[in-house]
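Following: one structure in structure tokens, then a few remarks.
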Amino acid sequence: MNTETNALPAWLDKVRWDDNGLVPVIAQEASTNDVLMFAWMNREALAKTIETQRAVYYSRSRKRLWFKGEESGHVQHVHEVRLDCDEDVVLLKVEQVSGIACHTGRHSCFFQKFEGTVDNGDWVAVEPVLKDPEHIYK
């Protein structure tokens, strides 16, 4: 498949893309079922993910494909790709290289846990930084 020629496969049409041509994606660690991160994909990103078996997302801020780990080396090897019952969310079951998925140097982007009550609560970091981000992104 050559995704450069815009000849994308028909199976992509089953996905319910939003008005911007994007679909939300959850990356889950295949071995532990830990939820690692949330991101977005466009058609090209999903096709490249299937083709290469490595996670490729779409960066809304940079407006381009984001090959997970292209700067940090923390790539995600994709074991399985699933589509939810409404066909509007993609789940990637991945092997997270180095164990770090988050740009903060943590295993998961979901490292903040709410503790307390609605009137007296706050978000608390409950996962350690595994590697200082200044040493990840040089």
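Any Cβ shown, glycine's included, is placed from N, Cα and C.
Annotation note: Asp84 (Mg(2+) binding site) sits in a coil segment as assigned by DSSP. Swiss-Prot lists Asp84, Asp86, Asp88 with the feature Mg(2+) binding site, giving sequence analysis as the kind of evidence.
What Swiss-Prot records for Cys85, Cys102, Cys109 is Zn(2+) binding site, and it gives sequence analysis as the kind of evidence. Reduced to three states, the DSSP call for Cys102 (Zn(2+) binding site) is coil. The number of other CB atoms found within 10 A of the CB of Cys102 (Zn(2+) binding site), across every protein chain shown, is 21.
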Lowest local Cβ density (other Cβ within 10 Å) among binding-site residues: Asp84, Asp86, Asp88: Asp86
Helix, strand or coil at Cys109 (Zn(2+) binding site) [DSSP, three-state]: coil
Candidates Cys85, Cys109: member of the binding-site residues with the richest Cβ shell (10 Å): Cys109
Integer Å distance between the CA atoms belonging to Cys109 (Zn(2+) binding site) and Asp86 (Mg(2+) binding site): 25
